[in-house]
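Structure record follows, encoded as structure tokens.
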């Protein structure tokens, strides 16, 4: 270790290489109060990284829309003209490609929700509402709950999503699911495919509320009185898109809508759950109760991952999540530079895992079942049966 117990850059690179070669663990994140402040972290980032640009942000929207339009043309004009064997093989390629592109658009809408798209809040909200509604996401509803996630990351009592349970809070059948490879696989598939719509509709994996919580309910416990009117706007956006899909189904057929829109949307949901799950679930990440939690340590209890070529395609939401939690209004096109700038300041407090994503998903589903406290402290770590 370096001076003061800090991991040197060479030691960190060695650890990352070992992880990439198959090592199963990485060093736990420190849980002591950091020897640096948010202000010191911010000073390490070049000032231009915080500058938002309407033109640059819209260039990424145009990029994604052009690719999505080209793929739609491929689905509607080229696939039907292909001979049967190629015809059936081409549809899965379209679904996966279009799902990836639409997830990239989802990320742009997420930027809008953080006011990282432009200097104009109204413009951000209009762009975010249009993009998220087109993907069946209630924009303002999720914007507000997601803002609370950023305000309470790592808190067992107040975080909004992927809140781990203690061992005693799990259902009696949990050991039979997680200790069984088949059960574990089923759990992963269900979580990836149904997790997002269930979270929006019933708050699955979210923090407990005193009554039923739903992102579509303007009067639900997630929102305060100032936010309720915009929840109606979010619902109207989703309903408008739903009505448009209904009219398309009535004109072109139900299965046309499924092939062209619904299956790519399912891929979007899979990416969304996978990326967010892996950002906040790792054996090296702590959680805190009210005795220990503070905002900075909570914001640092996340991990950057390597998705290969998808990092840039997904606007680097995958490999710059730590800096995003520290400065959520920083635009994505500066996040890589900002991450490089803060790593020397964060030292051991910065977590990056290059483990291949499929392997990491299986490992986290096996190792991160519940959390247990350190003796005499309000610090909790993942454990398994």
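Here the Cβ of each residue, glycine as well, is placed from N, Cα and C on the backbone.
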Annotated transmembrane segment segment (source Swiss-Prot; candidates 89-109, 152-172, 278-298): 89-109
For which of the residue intervals 1-33, 34-66 does Swiss-Prot record region 'Disordered'? 1-33
Within the predicted model, mean pLDDT of the motif 'Histidine box-3' (321-325): 99
State the non-local partners of the transmembrane segment (185-205) in its own chain: residues 6+ outside its ends, Cβ under 8 Å from one of its Cβ atoms. 137-138, 141-142, 161-163, 177-178, 212-216, 222, 266, 269-270, 272-274, 277, 361-362, 365
May I ask which of the stretches 122-142, 231-251, 254-274 has the most CB pairs under 8 A with the transmembrane segment (89-109)? 254-274
Taking a Cβ cut-off under 8 Å, which residues six or more beyond the ends of the transmembrane segment (122-142) line up next to it in the same chain? 54, 61, 102, 105-106, 108-113, 115-116, 200, 215-216, 222-223, 227, 230-231, 233-235, 237-238, 240-242, 265, 268
Based on DSSP, tally up the residues of the motif 'Histidine box-2' (146-150) by helix, strand and coil. 5 helix, 0 strand, 0 coil
Per DSSP, the motif 'Histidine box-3' (321-325) contains 5 helix, 0 strand, 0 coil
